């Protein structure tokens, strides 16, 4: 699913990316100091955000992507059209961990766009470079991929429907 087929306007993309940054700033990361925010565009047109929440018992922490999904599902939204992830890293290179990739796979199709957002993204600025998401200027702030690209040959809900 390309962003053209979704008809994601630069305003929608800016809201998605800005939501991820806003939630990144809410992260609770006293141990790693590695803040992450995630935003989902629900099939209902709403934006859902989440941040990572660490715990002194490290395994009890939760990543931003799963926080966003859990929040959305608890609000009756189980289908998403786009995902954005951001950290404090200046380059757009923070990708979901393996657990989050599998968790997201439950709720998004393989062609769902996944955006890695630079930690320096200009929040709520509606930057003109979003008009050409694949342009040189945009690539400084955004890396676009898909669920299928970040989790190839994945197992998902559709496999369970194949049982006979």
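Every residue gets a Cβ built from N, Cα and C, even glycine.
Curation does not apply to TrEMBL; its annotations are automatic.
Taken straight from TrEMBL:
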type     : residues                   : note
ACT_SITE : 65                         : active site, proton donor
BINDING  : 52, 53, 54, 55, 56, 57, 58 : substrate binding site
BINDING  : 63, 97, 100                : Zn(2+) binding site
DOMAIN   : 11-158                     : domain 'CMP/dCMP-type deaminase'
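Set side by side, the binding-site residues 55, 57 differ in how many other CB atoms lie within 10 angstroms of their CB, and the most is found at 55.
In this structure, residue 100 (Zn(2+) binding site) is part of a helix by DSSP. With the fewest other Cβ atoms inside 10 Å of its Cβ, the least crowded of the recorded positions 54, 65 in this structure is 54. Each residue in 64, 65, 66, 96, 98, 99, 101, 103 lies on the same chain as 63, 97, 100 and has a C-beta within 8 Å of the C-beta centroid of that Zn(2+) site, without being one of the site residues.
Distance from the CA of residue 63 (Zn(2+) binding site) to the CA of residue 54 (substrate binding site) is 8 Å. Each of the binding-site residues 56, 100 was scored by the number of other CB atoms within 10 A of its CB, and the lowest score belongs to 56.
Of all the binding-site residues listed (53, 63, 97), 63 sits in the most crowded Cβ setting, with the most other Cβ atoms within 10 Å. Spatial neighbours are here defined as Cα atoms within 10 angstroms of one another, and by that definition the neighbours of residue 97 (Zn(2+) binding site) among the recorded positions 53, 55, 65 are 65. For residue 57 (substrate binding site), the spatially nearest entry among the recorded positions 63, 65, 100 is 63, judged by CA separation. Taking only the Cα positions, the spacing between residue 100 (Zn(2+) binding site) and residue 52 (substrate binding site) is 11 angstrom.
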